[in-house]
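**Q** Sharing a structure below in structure tokens format, with a few things to ask.
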Amino acid sequence: MKKVIFSGIQPSGQLTLGNYIGALKQFGQFQDEYECFYCIVDEHAITVPQDRLKLREQTRSLAALYLAVGLDPEKATLFIQSEVAAHAQAAWILQCNVYIGELERMTQFKDKSDGKAGVSAGLLTYPPLMAADILLYQTDLVPVGEDQKQHIELTRDLAERFNKKHADIFTMPEVFIPKQGARVMSLQDPTKKMSKSDANLKNAIFLLDPPATIRKKIKSAVTDSSGIIEYNKEEKPGVSNLLTIYSVITGETISTIEEKYVGKGYGDFKTDLAELVVAELEPIQERYYAYLKSEELDTILDAGAEKAARVANKTLKKMENGVGLGRKRRR
């Protein structure tokens with residue numbers, strides 16, 4: 001029996017080359033080896049103000065992009081969080097089993113609420129909803145970044161508490177660190193991670209950037225004055241970042257790439273890298289726009305929501321029985 005992976009992503013901001021290299025590029029491998037549930041977590045998105053039309057547009061866009069990068073709906077389940085009611089229902093049950101002090105200690109809540117007036121209660125209760133997302137599918141593995149590891153720890157605490165107090169229902173999820181965890185950094189500040197929410201658009205290559213924009217961004221990427229193409233994260237973070245991108249896209253080792261560019265300058269290297277990135281992303285963009293215009297996208301999302309609901313509702317019924325909600329029925 002395959003282990004279960006659950007992965008959720010908010011439909012806010014455009015996905016970057018960093019998202020692709022760090023996670024999306026591995027979809028093909030994951031869906032062959034695991035039972036995968038990929039959820040577009042639009043309910044999480046509304047913990048902060050959203051434009052309703054833009055949110056719906058970004059939700060559909062993200063689904064199309066997931067399919068374009070290689071998610072196979074015959075092998076993995078792709079769905080929208082708000083279209084499976086069990087998520088909100090399970091979140092309420094878990095919310096009644098978590099303590100306010102635990103929620104207030106979450107680093108992400110502190111960061112997002114610090115110095116802000118009118119912070120929504122949803123931002124505070126974000127972790128129980130995330131826990132519901134994960135636990136409903138009897139998830140074994142959760143691929144997350146460093147910023148979410150604390151939430152997974154709380155999810156495990158909630159699962160253990162619920163299992164002991166009510167019924168032994170939940171699988172204990174583990175943080176999943178993919179084998180190939182290439183970390184792509186900002187083009188203008190290679191000491192920080194490339195981010196889809198970065199205000200400076202020059203810092204990131206977005207998956208839907210046109211070729212001319214990609215070439216311009218890579219050409220202007222920060223390097224150094226030595227002109228020598230070699231990997232040294234401490235002394236040459238900019239060049240090292242570009243070498244990482246080159247290596248992941250081509251499959252060549254860093255040392256092979258370094259040898260290839262001995263005696264050549266940054267100009268040649270950046271030009272070649274830009275063409276590699278363009279060639280990698282062009283077919284993804286073609287598939288993306290085809291899905292976006294097609295009714296097939298909605299058919300896939302409908303089927304995904306139905307499958308997800310069947311799995312989630314089984315766990316939800318056990319949760320409701322465990323705490324005594326509703327009438328006890330034989331069926």
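Using N, Cα and C of the backbone, Cβ positions are placed for all residues, glycine too.
Taken from Swiss-Prot, the feature ATP binding site covers GLN10, PRO11, SER12, GLY18, ASN19, GLY145, GLU146, ASP147, VAL184, LYS193, MET194, SER195, LYS196, SER197, and the record attributes it to sequence analysis. Sequence annotations record features per position, and here Swiss-Prot assigns L-tryptophan binding site to ASP133 based on sequence analysis. The motif ''HIGH' region' annotation in Swiss-Prot covers 11-19 and rests on sequence analysis. Per Swiss-Prot, motif ''KMSKS' region' is recorded for 193-197, and the stated evidence type is sequence analysis.
For the listed features, I'd like the structural context: burial, neighbours, distances.
**A** LYS196 (ATP binding site) falls within neither a helix nor a strand when secondary structure is assigned with DSSP, and so counts as coil. For LYS196 (ATP binding site), other Cβ atoms within 10 Å of its Cβ number 16.
Around ASP133 (L-tryptophan binding site), a 10 Å sphere centred on its CB holds 27 further CB atoms from the protein chains shown.
Residues 40-42, 45, 50, 55, 58-59, 61-62, 65, 183-185, 193-197, 204-208, 245, 277, 281 of the same chain lie 6+ residues outside the motif ''HIGH' region' (11-19) yet bring a C-beta within less than 8 angstroms of a C-beta in it.
Along the motif ''KMSKS' region' (193-197), the predicted structure has mean pLDDT 86.
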**Q** The motif ''KMSKS' region' (193-197): which same-chain residues, six or more beyond its ends, come within Cβ distance under 8 Å?
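**A** Those are 12-19, 183-187, 203-206, in sequence order.
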**Q** Count the other Cβ atoms sitting within 10 Å of the Cβ of ASN19 (ATP binding site), across every protein chain shown.
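**A** Around ASN19 (ATP binding site), other Cβ atoms within 10 Å: 22.
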**Q** Report the same-chain neighbours of VAL184 (ATP binding site): residues 6+ apart in sequence with Cβ closer than 8 Å to its Cβ, ordered by sequence.
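**A** Counting only residues 6 or more apart in sequence, the Cβ neighbours of VAL184 (ATP binding site) under 8 Å are THR16, LEU17, GLY18, ILE21, GLY22, LYS193, MET194, ASN241, THR244, ILE245.
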**Q** Please spell out the DSSP helix, strand and coil residue counts for the motif ''HIGH' region' (11-19).
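**A** Its residues fall into 3 helix, 1 strand, 5 coil.
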